[in-house]
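According to Swiss-Prot, the protein has these features:
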- Tyr138, Gln199, Asn222: NAD(+) binding site (BINDING)
- Ser245, Gln267, His270, His336, Asp369, Glu423, His428: substrate binding site (BINDING)
- Gln267, His270, Asp369, His428: Zn(2+) binding site (BINDING)
- Glu335: active site, proton acceptor (ACT_SITE)
- His336: active site, proton acceptor (ACT_SITE)
Amino acid sequence: MAIKIRKLDSTSEGFAAELRAVLAFEASEDDAIERAVAQILADVKARGDAAVLDYTNRFDRLNAASVAALELPQSELEAALEGLEPKRRAALEAAAARVRGYHEKQKIECGSHSWQYTEADGTVLGQKVTPLDRVGLYVPGGKAAYPSSVLMNAIPARVAGVGEIVMVVPTPDGLKNDLVLAAALLGGVDRVFTIGGAQAVAALAYGTQTVPAVDKICGPGNAYVASAKRRVFGTVGIDMIAGPSEILVLCDGTTDPSWVAMDLFSQAEHDELAQSILLCPDEAFIERVEKAIGELLPTMPRQDVIRASLEGRGALVKVRDMAEACRIANDIAPEHLEISALEPHQWGKQIRHAGAIFLGRYTSESLGDYCAGPNHVLPTSRTARFSSPLGVYDFFKRSSLIEVSAEGAHTLGEIASELAYGEGLQAHAKSAEYRMKGAGDRQKG
């Protein structure tokens, strides 16, 4: 059966509206899910371990006697790594090493060190940078088991110097994924609990008798997990609420069309709502990509998901030239942006908004997903206009440092008291003036 993908032309009169229709996505809030999540959060907050145990046994069809029994010992993570097929273990270890190397470099470059300077009057100003004390990592279980996500979330936290990393992962019917457990070991996870869903998010946010409360929760999950993360934000920090995965390919028509087709598939196979778009100035090349899609789709194990994604949210777009493609890309602000062209750096300089930029025909998005090194946790749904990939900087916090000298107390006090009186805050003004007087008396003495 032929696949039907939208084909747009940027020179057509209705192009802007057509593109908006392709991009339109708004995460719907299911009232039933919202009510269920609110109840679970309240229950875990009130009953702690007992509630977590009840929900876990019910939803994952387990018969655990306690939450403590749901914690995995480090020896089980070690056994999972040892039990991997050698080639797969080597791949996982290589990916972990590359991700760690990139984030160690990022730590040096991203302003992760405290700093200060001294003014002429002896006043010291600066900033103290400290890692978070404890971070929670949510990892999906069941069919959607992604060891790469464990590495991408755990390693930057560990490189940042987070005190403790607590991972939660559901194990429906008691089934554990050895790749996920091995990734937890390689990523430096300290504790692993086999719990999931909104109850796991609640346990991490509020703490229970067994599960420690964390300062920030990271990691992907289903609609219940996303709703729970949204609701606990403020009690704890969160990484982001991710939407469907996206790829935008800018191609000048010089890449093998089957490569481009497979790159579009690489996001479409995630789920039916994932989005894959091609922008190209060469109409004949677009037709060749369309032909490659038709030929390659039947060979894909997840062809039904890919078809639904491409037909529902995909597009092949003819643009005037690569410069226009860059302008459109900046408006879309995609999660993943591939520039598959002879001169990728020329066009890359024009990109301002993208979660990750993949330069050149040999740089497939999938390499970034697994092992290139940069983080694959990226902003979606146009949030790349103001958001960044997950990184070591997400696991630091900054405190301002102020140490005022006696002379500085007089200089700054005059400014502060004047502004405080202007705002009608007399105690603020007096607080500054007392120190002005105290500093003056000390200097006289």
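Just so it is clear, glycine is given a Cβ too, placed from its N, Cα and C backbone atoms.
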Please report how many Å separate the Cα atom of Gln199 (NAD(+) binding site) from that of Ser245 (substrate binding site), as a whole number. 25
Among the binding-site residues His270, His336, His428, which residue has the fewest other Cβ atoms within 10 Å of its own Cβ? His428
CB contacts for Ser245 (substrate binding site) [other CB atoms within 10 A, all chains]: 24
Fewest neighbouring Cβ atoms within 10 Å: which of the recorded positions Glu335, Asp369, Glu423? Glu423
Using Cα positions only, nearest of the recorded positions to His428 (substrate binding site) (Tyr138, Asn222, Glu335): Tyr138
I'd like the number of other C-beta atoms within 10 A of the C-beta of Gln199 (NAD(+) binding site), please. 28
At the Cα level, what's the spacing in Å between His336 (substrate binding site) and Asn222 (NAD(+) binding site), rounded? 21
Once DSSP output is merged into helix, strand and coil, Asn222 (NAD(+) binding site) belongs to coil
Sort out for me which one of Asn222, Gln267 has the most neighbouring CB atoms within 10 A, since those are the binding-site residues we care about. Gln267
